[in-house]
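A.B. asks: Pulled these features from TrEMBL for this protein:
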- B:6-29: transmembrane segment (TRANSMEM)
- B:41-57: transmembrane segment (TRANSMEM)
- B:98-117: transmembrane segment (TRANSMEM)
- B:145-162: transmembrane segment (TRANSMEM)
- B:183-206: transmembrane segment (TRANSMEM)
- B:311-329: transmembrane segment (TRANSMEM)
- B:335-353: transmembrane segment (TRANSMEM)
- B:416-435: transmembrane segment (TRANSMEM)
- B:458-478: transmembrane segment (TRANSMEM)
- B:508-527: transmembrane segment (TRANSMEM)
- B:547-567: transmembrane segment (TRANSMEM)
- B:579-596: transmembrane segment (TRANSMEM)
Amino acid sequence: MLELSAVNSFYGKAHVLNDLSFTVARGQVVALLGRNGAGKTTTMKSIMQLVVPRSGKVTFQGHDITGSAPHKVAKLGLGYVPEERRIFTDLTVLENLEVGRQPPREGSYAWTTEMLFDLFPNLAERRGNRGKALSGGEQQMLTIARTLMGNPSFVLLDEPSEGIAPVIVEQMARVIIQLKQEGLTVLLSEQNLHFARAVADMAVIIEGGTQKFTGTLDELNAHPEIRDAYLSV
Amino acid sequence: MGLFIAQLLTGLANAGALFMVASGLSLIFGVTRIVNFAHGSFYMLGAYIGYTLMQVLPGAVGFWGAILLAGIAVGVIGMLVEILVLRPIYRAPELFQLVATFGVILVVQDLALMVWGPDDLLGPRAPGLRGVVRIMGEPIPKYDIALLVITPFVALALWYLITKTRVGILVRAATQDREMVGALGVNQAWLFTGVFALGCALAGLGGALQLPKGGADLLMDFNILTAVFVVVVIGGMGSLPGAYLAAVIISVLNVFGVTYLPQSTLVLMFVVMVLVLMVRPYGLFGREEVAGEHGQVGEPERPIKPAGLQVRLLVAAGVAALAALPLFGSNFTQVLATDILIFCLFAASLHFLLGLGGMVSFGHAAYFGGGAYVAALLVTHADTPMELAFLLAPIGAGMAAIIIGWICLRLTGVYFAMLTLAFAQLLWSLVFQWGEVTGGDDGLLSIWPAPWLSGTTAYYYFALVLSVGGILFLRHVAHSPFGYALRAARDSERQAEATGIDTRRVRMFAFAFAGMMAGLAGGLFVFSKGSIFPNELEITRSFDALIVVFLGGVKTLSGGIVGGAFFKGVEDMLTRYEYWRLAMGLLIIFVVIVAPDGIVGTLRKLAERAGLLRRAEDET
């Protein structure tokens, strides 16, 4: 469904991603793992074309999206949930969801605000509140809900568990499993295995912008030395 | 009491047009981050187009229809400007777009002159609203009452659009984080175009609405621009209720000012603005601006280095050529070269502030004109010898810069820029309205240099030594430890603070130093012309310098000088033609689109591509 082939991305002169190549198949949850600064966010942004790769190709559902405008990428059904909870703090919860709203595509889920409030009950009580009044966990839920309003068939989740209370992390894991059962494909990034273990089928590990491991979670579990070398515990 | 009420109502009626224009500017800035200098031009176009339509369309329906159509027409023109001029340069460095909008001002001025001629047009009276009504015995024009009623409806409609509709939600979201809005599937390009068109339509509507009160003339673009900037800043950037309240405050104050303090009407507005910003730095309803929160990350700065041997030789050759100029150049060439040299020093001083300090001053003319006026006043009122008066010009300008900088440096970004503009305008209005001392609009005359400098060639050498000396001194400071500290404060305030740099102090010094150098240029200027007029303090003079620095290239050391020489040279060539503004404006827009890194920056990139210069990448 999503394929990266030999993607190289730069910030100015800094070479951040080095020949990254992996695929995510429909219905999979793939974990993109690596330490702080490994290039996870840049990978996400390079898929979304918020950072345009200098060489290599990103293909989504057969379309070459390299160099497309981010809004066109989103329109194809690729949803992006950024790290650090970039919600619109001056807008209410409902207004945040409205920004994300896109008409459903053929075969995609058709989310409504009420369905999302079922999925994230905390948000339902806060629908009229401004983004800045929400707690960190609520803001994180809102970023996910906002992206789902675009009825994506594929979601990029950048470090969804970072800086969030463990209770909420558990809730988040349940949501991701539920989304997977609904047929959504997910690429999520994490610094460690705790969260990924609960939800992911496959893992890609990067370090310094270079791919170090690609395989199933079982394979990764069989090689604890890889985990120790490239991930924080 | 009756008079009081009448004046209050007049003020409120005047607030209408001001609010519409200001809310348009505020909307455009909020979403696109473009400081639209051309906003006054769209207001002017609205008035002219409305005037023409009113000649054609009959009766009351025609009158109101003309106003509405004028708004729509200006909106369409704004849309074209956005697509043709601004869209290609959204990725250019921050604030670069304002250069393009300045080009638009010039183009619109000449087009209006071509189509509607140089004479002021008297606005037609509104059918059915010609007379006055008496409120507590005082006559109030019926049209004022109509404006009083219309404005709240426009404000309400706008408020509804922004708070209740999907478009409004997207606009507010984009004001906060436009990259994220794009990543959620919204086509930003059309959102920007739509908002720009809407903002321009509001300006056009305002222009057409005030026709029966003020008519249409070729000066109304700049005349409203300052008031609009003041309103937007007092109200808070991006806030509609703020813009409304501020428009009312300013308009009412103006009406009372005319009655009770006729000598200070212009000053009053800026005094209010300064007071408001001292209490509420981000305006009445504004929100703090956080740098980089809008998802704009520019290209990393390339460090500037002291000139190499080649460049030094080139500069030495250039100076030698300039020194030899009187040997073969005519008198006229020397006068022109003096002008250019002075302007280059002025531009270089702003470049120092803007490029190295990251402080965008919209009011740098205050120190240029300020220095000139210090010298001129000393000569006129105290018979000060020229040498002493000249020496005091930069010192006076520097002192003014210290005072103004002390207040302005509490703010950053656009608010800082606006406040510097306000102070420059304050100074201008002081000089303009305090006729007994400053000569007002008639200026100060007979400010001639000392006998030993009175020859054209002698003064040329004097200007050459001081301008080149000043520019070299500015460059030298850029490479001194102070220059490093200044650049550190620009690039990362927190890290600079953490390494023990008192960033506020460093900026203060830089501001004062840049003001001093501008004052030096002003001193050179006044004695070269023998006279000084308030227009040397005007907003256009500040903009000239700003345009030059951006055109030359903010991120290169020589940007100010190259831009200054280019601008003055071209201006001298073009002003001989009738429609020189049109040509100049188109040229500026052209340069902006083909050379978004400025002239020097783009030349360097071209040279790198051609292999003439080493790439910055290879050196690290």
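Cβ coordinates come from backbone N, Cα and C, glycine included.
Small disclaimer: the values here were computed from a predicted structure and weren't measured.
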A.B. asks: Where among B:145-162, B:335-353, B:547-567, B:579-596 do we find the most Cβ pairs under 8 Å to the transmembrane segment (B:311-329)?
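C.D. replies: Answer, by Cβ pair count: B:335-353.
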A.B. asks: Report, as numbers and ranges, which residues of the same chain sit near the transmembrane segment (B:6-29): CB under 8 Å and 6 or more residues beyond its ends.
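C.D. replies: Residues packing against the transmembrane segment (B:6-29) from afar: 35-36, 39-40, 42-43, 135-136, 138-140, 143-145, 147-148, 150-151, 154-155, 158, 171, 195-196, 198-203, 205-207, 209-210, 213, 224, 227-229, 231-232, 235, 237-240, 242-244, 246-248, 250-256, 259, 414.
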A.B. asks: What residues in the same chain, six or more past the boundaries of the transmembrane segment (B:41-57), come closer than 8 Å to it by Cβ-Cβ distance?
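C.D. replies: Residues 17, 21, 24, 63, 65-67, 69-71, 73-74, 77-78, 104-105, 108-109, 112, 115-116, 121, 123-124, 200, 203-211, 214-216, 218, 220-221, 224, 228.
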A.B. asks: Please work out whether the transmembrane segment (B:579-596) lies in contact with the transmembrane segment (B:98-117), by counting C-beta pairs under 8 angstroms that are 6 or more apart in sequence and asking whether there are at least 3.
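C.D. replies: Stretch pair touches.
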A.B. asks: Is the transmembrane segment (B:458-478) packed against any residues at least 6 beyond its ends, judged by a Cβ distance under 8 Å, and which are they?
C.D. replies: 304, 307, 319, 322-323, 325-326, 334-335, 337-338, 341-342, 344-345, 348-349, 351-352, 356, 449, 452, 513, 517, 520-521, 524, 527-528, 557, 561
A.B. asks: Is the transmembrane segment (B:335-353) packed against any residues at least 6 beyond its ends, judged by a Cβ distance under 8 Å, and which are they?
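C.D. replies: Answer is 322, 325, 329, 359, 361, 364, 367-368, 456, 459-460, 463-464, 466-468, 470-471, 474, 477-478, 510-511, 513-518, 520-522, 524-525, 528, 545-546, 548-549, 552, 554, 557, 559-561, 563-565, 567-569, 572.
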A.B. asks: Who are the long-range neighbours of the transmembrane segment (B:98-117) in its own chain, taking Cβ under 8 Å and residues 6 or more past its ends?
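C.D. replies: Non-local partners: 34-42, 44-45, 48, 51-52, 81, 85-86, 89, 216, 218, 221, 543, 546-547, 550-551, 579-582, 584-589, 592-593.
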A.B. asks: Same chain only, please: residues at least 6 beyond the ends of the transmembrane segment (B:508-527) with a C-beta under 8 Å from a C-beta of the stretch. Say none if there are none.
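C.D. replies: Those are 338, 341-343, 345-346, 348-350, 352-353, 356-357, 359, 361, 364, 366-376, 386, 389-390, 393-398, 400-402, 404-406, 408-409, 447-449, 453, 459, 462-463, 466-467, 470, 473-474, 477, 482, 486, 536, in sequence order.
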A.B. asks: Residues sitting near the transmembrane segment (B:547-567): Cβ under 8 Å, six or more positions beyond its termini, same chain?
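C.D. replies: Non-local partners: 93, 95-96, 98-99, 102, 301-302, 304, 340, 343-344, 346-352, 354-355, 471, 475, 478, 588, 591-592, 597-602, 604.
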